[in-house]
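Residues or ranges marked as active site, proton donor/acceptor by TrEMBL: A:Y138. The active site, schiff-base intermediate with substrate annotation in TrEMBL covers A:K166. Per TrEMBL, pyruvate binding site is recorded for A:V212.
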Protein chains: 4
Amino acid sequence: MSVSAYTGVIPPVVTPFNEDFSIDRESLATQVRRMIDAGVDGLFALGSSAEVAFLTRENRRAVIETIVKAADGKVPVLVGVIDTTTLRVAEHVADAVELGASGLVATAPFYVRTHPNEILNHFRLIHEMAPELPLYLYQIPVSVHVTVSDDLILQLAEEGVIAGLKDSSGLDGATRALIEKRNARNLTNFKVLTGSETTVDLNYFFGADGVVPGLGNVDPAGYVRLAAACTAGDWDAARAEQQRLNKLFQIVFVGDGARMGGSSAGLGGFKAALQHLGVFTSGRMAPPHVALNDEELATIHSIVDQADLN
Amino acid sequence: MSVSAYTGVIPPVVTPFNEDFSIDRESLATQVRRMIDAGVDGLFALGSSAEVAFLTRENRRAVIETIVKAADGKVPVLVGVIDTTTLRVAEHVADAVELGASGLVATAPFYVRTHPNEILNHFRLIHEMAPELPLYLYQIPVSVHVTVSDDLILQLAEEGVIAGLKDSSGLDGATRALIEKRNARNLTNFKVLTGSETTVDLNYFFGADGVVPGLGNVDPAGYVRLAAACTAGDWDAARAEQQRLNKLFQIVFVGDGARMGGSSAGLGGFKAALQHLGVFTSGRMAPPHVALNDEELATIHSIVDQADLN
Amino acid sequence: MSVSAYTGVIPPVVTPFNEDFSIDRESLATQVRRMIDAGVDGLFALGSSAEVAFLTRENRRAVIETIVKAADGKVPVLVGVIDTTTLRVAEHVADAVELGASGLVATAPFYVRTHPNEILNHFRLIHEMAPELPLYLYQIPVSVHVTVSDDLILQLAEEGVIAGLKDSSGLDGATRALIEKRNARNLTNFKVLTGSETTVDLNYFFGADGVVPGLGNVDPAGYVRLAAACTAGDWDAARAEQQRLNKLFQIVFVGDGARMGGSSAGLGGFKAALQHLGVFTSGRMAPPHVALNDEELATIHSIVDQADLN
Amino acid sequence: MSVSAYTGVIPPVVTPFNEDFSIDRESLATQVRRMIDAGVDGLFALGSSAEVAFLTRENRRAVIETIVKAADGKVPVLVGVIDTTTLRVAEHVADAVELGASGLVATAPFYVRTHPNEILNHFRLIHEMAPELPLYLYQIPVSVHVTVSDDLILQLAEEGVIAGLKDSSGLDGATRALIEKRNARNLTNFKVLTGSETTVDLNYFFGADGVVPGLGNVDPAGYVRLAAACTAGDWDAARAEQQRLNKLFQIVFVGDGARMGGSSAGLGGFKAALQHLGVFTSGRMAPPHVALNDEELATIHSIVDQADLN
């Protein structure tokens, strides 16, 4: 039988860097405590928002270590074991298990082109490496350039290989269709977390079990309130909270697309906000990211100031 | 000033595995000596055909070590430093330099979405890590899901950041256009190697400087003859050799696409051929690859037998 | 100033054929009256669900004529003027105006690759052809292979060129973001209709003004009830109705993907249901569609029977 | 049995417009006679370079009529019957047959998503409409967003449904692979024309039977010489001619991509050159194309002047 998956508000923790791109453990621990104080249900270490694809193995270990220690058993810590293929993922699984992960999050293979049978192999092998930890399939086509089909997801769920889905497809209608199939096949033990921070109300409305909001780094309390309103079925309150958060979310679009990519603008926005809030000492991003300029930073600060965080 | 790039026939060496997926160093060394004996101009370690995306750092170090040792200074050994982003690539660069690489081959970042400015940053930073080694830009959109533009390539060439291109775009017309622009801008020091093993004659015809043929693992002598005919301007001989090789290339299409992906079929074909030829002791591929079945292996053996290798 | 756009439940009318692929005007009129009796707010003639891309100009004229006549002024009739480029669209606009259309629906150009400036030109020219009719931009990337950006849509809205959007992007989160921008720019006169029949409750929840549901051909009363519940803010009732409709929507997935494309399966499902309900005399689709087989038809009939239509 | 396909240099004739976007028949006839005088083997009316997707049915008829009349039986006139689906194509086939076409050129369906079975249906039905005319399959994924597979092409060739291929895939390596399969299956009666005007030498080298060069509108004599050199096996002369033409081809890249799409720049370049050469009285393009500006026109004129046309 499959182990149980964690649900609720589980933000993907953003990674602060020192000047030499080692992990700024102090800022990271501060941020972890701040999010736990705000009432989040769990933390997701080493997701895409953590710049996982920019981190060496040593960096990744430092991140897990710091987050697990700062979380201090108060909330579960899911760990991303994200790499191109199975043998490389295996190293990250070993690290995560050794360092106290509460669950694992893995994508389909990338760089290589894969057949559904190979994706099945991949997840089955990962599950065998750590059968005691709930494994989430991380659906993120924008990064891995493949969409794992509903049929394959539900097959892995039925086999007890995966306990949950972290869905960053951005296709809420497709997520709803998956949830309806899940329910029809009586697999409600299989949990669905959305990664779409601007449609959390919708996702709860049609049956999702939680959210992994990058913006939850900036306003964790907002997402906790939002999830509470959803759980209570108070959709008007949920929508109002969501709309407030969606205004704050504009910080990820400030970076000029003529000068930088979406990752620089998005993570840059999160990090600039966290520095502005006094949580991080720097908004530094790993290379080859492009930094935000002063004008962009000022715009982001202004959006944060207007967001009525508390 | 930029260091000089290597040219000619530089096959990407396929990686044999032991049962535990450690590197089968003996088979690998045998294969290296076999290719050098056949007259190749260089070797490319840790390319896509080497299952680089399936290899841990330790595995990659073992591959470099084995190839450099077996090559014994007779031909240069280019080393793929392929990973998602700059800091992770840096580790591979350090390993390659330490272990005696003659040149480096790097792709654009992947998993993350990048702006051209970020791609520029990436290659400039890699070049700074090892300015004494010629750096090749590895154009492989099928894996990294971005095509580096001609303008950006030639800018990096003019800056002396990259010394060559390893072009696996599969777009011969586009490669020709790039070469024509290179020539017009008097950048002929910048070398272009095609990765398209079925159109080598064409690529030489329009000005390419060499080839990195995966199929050169199976028939290195064929590619050496082919390049020689091209260099001599004997296009009829070149075409005849190319057509013979293209028949042999059918081994990569034997694996059933209903059961496996292109990587399993393609690398499976190369490895099955090398085992059949007595070079490798096994055709094993890294997980999550799917293995060829007996019928498929028999077909591949038969194609190899008919190919008139010598 | 822009003319006003129609809102509410506006199903895209499916087109029944005679044996020679002329329009079965009688079935079509029956279906129009049936949907009006069910309480729809308008009708959309010659959308993708109408097989508009399979219809000759003569066929299209027959469709408009029949629908306008059967609608008898009781509800507005929007008409799709869908073709590759401006001059060809112009013919359809002339036909639509002549035959009594209440509004026009046009896509971005297709077959040809276009720049945003060319898309702007296209819609401005179409609007000039019939300034008295509200023009809807039909966002349908799956067909035209371009996504018109929010900026361009809102620019056209501000200019008074387009009065509404028919959004078949399938990206509800993106639709919400557009609506939030529209509201922030005080352009609420610009109306957004979703084409996503399985997420109508969500779309109303975040501010959409209506829906163009293909499935509304089969169960128009269901969509009318759904929209009413949404308008009343009774989200529990809306969700229950939506979930019932989503079960019925499974008829579009019955056709075997190994034998036919999504258009054959989807339109085939709608037409088979309409024949089963006695509205159409045939489920015939235009060539080169592939027909459903008896087993598939039986499955569709069974789904319809269980859907509790009334 | 299949009818024979035409081969050799068969330029796609560019369409000149009067101010009201009716066809400028005089310029068109002049251009036809000019190309025939230059020695072309045939003409292709209503291809993508003819702005076929911008032409009403009446416009298309005028183009066919004018070209057939001006060609005066001296060379065959292939006619593009390009539209979304079968019934709409049928109208163009009827027009083409009535107006004296020597052969037909059809794409896979577009706007609609199709299964291979539906593509098979489509071409079989088109062939039945005019079995006496050779039918070419027009492979143009950039426009129709589907690539017809080699297996399907060769099946249609074996059935006698299609007599040739007009290949605008831009993938010369894939074209070579198709030709090698064709030869292996003894289907050499099935003819392959490339639409890649910058790699004609390569295509002849690996077995193509002809070329449909848009640039042949500007320099038909160049392509005639190029094809003659290829046929004679004089590859050095062929390459030199090709390289000269490739410099001239730069006219299609002059239009600024920040202001217009590839069609405006490319067709704009051809038309500006033809006006500069005194063949067309205007470089006008159909809406919603964006016009080249004076600076761009001057650059194009200069490239043409340097191209040593005669």
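The backbone N, Cα and C atoms fix where each Cβ goes, glycine too.
Projection of TrEMBL feature records onto the structure.
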residue : record                                               : DSSP (3 states)
A:Y138  : active site, proton donor/acceptor                   : strand
A:K166  : active site, schiff-base intermediate with substrate : strand
A:V212  : pyruvate binding site                                : coil
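Rounded to a whole value, the Cα-Cα separation of the residue listed as 'active site, schiff-base intermediate with substrate' and A:Y138 (active site, proton donor/acceptor) is 5 Å. A separation of roughly 11 Å, to the nearest angstrom, links the Cα atoms of A:Y138 (active site, proton donor/acceptor) and A:V212 (pyruvate binding site). The residue listed as 'active site, schiff-base intermediate with substrate' is surrounded by 28 other CB atoms, counting those within 10 A of its CB over all protein chains shown. With a cut-off of 8 Å between CB atoms and residues at least 6 apart in sequence, the same chain places A:I10, A:P11, A:P12, A:F44, A:G47, A:K166, A:S168, A:L193, A:T194, A:G195 near A:V212 (pyruvate binding site), listed in sequence order. Counting Cβ atoms from all protein chains shown, A:Y138 (active site, proton donor/acceptor) has 27 others lying within 10 Å of its own Cβ.
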